[in-house]
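Q: So TrEMBL has the following annotated:
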- 192: active site, charge relay system (ACT_SITE)
- 267: active site, charge relay system (ACT_SITE)
- 631: active site, charge relay system (ACT_SITE)
- 45-156: domain 'Inhibitor I9' (DOMAIN)
- 183-668: domain 'Peptidase S8/S53' (DOMAIN)
- 752-845: domain 'Subtilisin-like protease fibronectin type-III' (DOMAIN)
């Protein structure tokens, strides 16, 4: 898989040593690398695609398994053989032969020049990643065998109650035979920061119902000192790591990052457990029990492909290698809670190495889920682009943890904090940190002393038995001060508890509940903090001459925040969730593709955490953490897709996406339209009804998705026709796929793809859009209704149709612009079956030109 050679003997020996060491680094756990192997100022990592597509690329389904590693004589790691494997000798030779072709080309092109090949991609795409300088890259691009040379780019990482909020126990799980069988036989791949294999969420012996080895999966488990033999089991069936690009850049720090599948960050462990963690695992944090956790598909299998690292994120060359391996291993679903750091600069955002590899994965029958990104709420902030990728935004859910501070003047102030309260019917004196300093400390000496980060600065006699008030400033948000250190200070001073009034500089920031072992509360709003401080100051007794405090008069008690309530109006789209419209290019122009596809819970999600993770100070050393982001939303949908794949094993990726989309909910738990937060400061005070550019088709409805009635399907050829229809794209399509656009019927607009939505970026007077539906239920008659976007007239035909099982129907939708406008407007088409099925098709039109 790795290689590289030079013609002169001494240089060849040096290069061979360098290549072999990088192999050991990336896959066999060694942590040193000579500087001659690293990228210098004149070289970079390039991803090279060859014109000759792999033989398997032309097959209807990629079903062969290649590239099996063997233990080297000096290697410190090996690969555990899976318990079930079905691989022919031809399969084993194929990956090696492709790598030899790549090595031969590099030797011909560079002759005596130095280079370093990092990966050979030989399943989804025919290509390799190589370290060369710009002149060498240009020389490669001129070779007739080479179709594309792209500079590597960086990427970044973008539950106890959500199964109940999604209605799984009485709905989708019930239909699957209960949680004991939900997702059984389905393998979900996670390309992320790895996994903590010791976590009970990934054990295979926590149930009376034994796990069976997945029938299709053929991957392996890498073995390293911190990921020893036996780390994988019948639940966690595969684990690999990919870091060659990061290592050659000199960014891989062996003291911070593990050269193994082990997760030292926490992010990968977290998302894997959300999708497929075991059912009924106790969530105990800071000594408090917060219920039992379960993944969405608790019986699904997990395969881990580590390509992200906690200090720097990751790089496309490593991510593509991980995706290529996952496809070889024959996974069913790929979950990507990662996004690129910038829009791809090519002719269209869809043309980038990651999306192109995922297109081939889709051809192989793999359903791909990706986080939308945390760059909202501004329009066109989307970081997931292509129609073959199912993009997920994040919402709130109905569980809230809240505590309160009851003051001696009978005022109650709400706060946040996963903390116990003070004893009932007992009031404690409040003392501000500034009034509890010892004789050797002044505010002039330490302007941040009010944040309570050093117990030696305080007089224990003044604090003991009282509630210590510590200022919560922007330094806490930036990680320069920490809640845990303030709690340690309070503990050392024998305080009865801690109150964190908010500094005005932090006002408007949404604070997540923080686990705290002693009675504590954070006052999240500056106005409430002002009320608290006014009461405190008015209750002080001071010496009239010296102004020294004589007596503390303010008292309070803390009502604990360990018990959740489930009264929150939800879901609402979170302010950070990236928004559409989908950018077609880097200018950007809008694409005729709806993004996001769907929204799912992503805020305040309890899930597994790596025991050694240092990513979050509040959850250091804990086995669970409460996280927020579209990273947490995507695995919810990946797990629910496993339930669909389990019930309908022959569904294409597009069919799975259709089932999830057309059945999505448009309303919150109060029966009102779903709202979307519009600003970062005070997001709950700045909301308006969500549009398709906020929530896609709506909020995921797992139970209805298992019985969608009608399906919109699309194939690999349809996506190729879409790409070939982009103006000037023929050569780029050939470069990435090795296929000629003359072999496909190019479609004029992205809106002509058979998607479960209709998006028109530019409506010039009129357009006719068609959709083909297939009935997968019993005989049913549908009536059609619709609401038109503002400035557009819509007509759908037929308005009524009947279908038997397996029959298809073409819907024609005529759009006419009735006014000139560049403001997006939205409508909806609804198909209402007489057997109870309801199919929802969101409609979005941006620019309207009536004349």
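Placement of Cβ uses the backbone N, Cα and C atoms for every residue, glycine included.
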Q: Could you tell me how many residues in the domain 'Subtilisin-like protease fibronectin type-III' (752-845) are helical, how many are strand and how many are coil under DSSP?
A: 1 helix, 63 strand, 30 coil
Q: Near the Cβ of residue 631 (active site, charge relay system), how many other Cβ atoms are there if near means within 10 Å?
A: 30
Q: Report, in whole Å, the straight Cα-to-Cα distance of residue 267 (active site, charge relay system) from residue 192 (active site, charge relay system).
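A: One finds 7 Å between the Cα atoms of these residues.
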Q: Can you tell me how far the Cα of residue 631 (active site, charge relay system) sits from the Cα of residue 267 (active site, charge relay system), in Å?
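A: That comes out at 8 Å between the alpha carbons.
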Q: Around the C-beta of residue 267 (active site, charge relay system), how many further C-beta atoms are within 10 angstroms, looking at every protein chain?
A: 28
Q: Let me know how many other Cβ atoms fall within 10 Å of the Cβ of residue 192 (active site, charge relay system).
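A: The answer is 29 other Cβ atoms.
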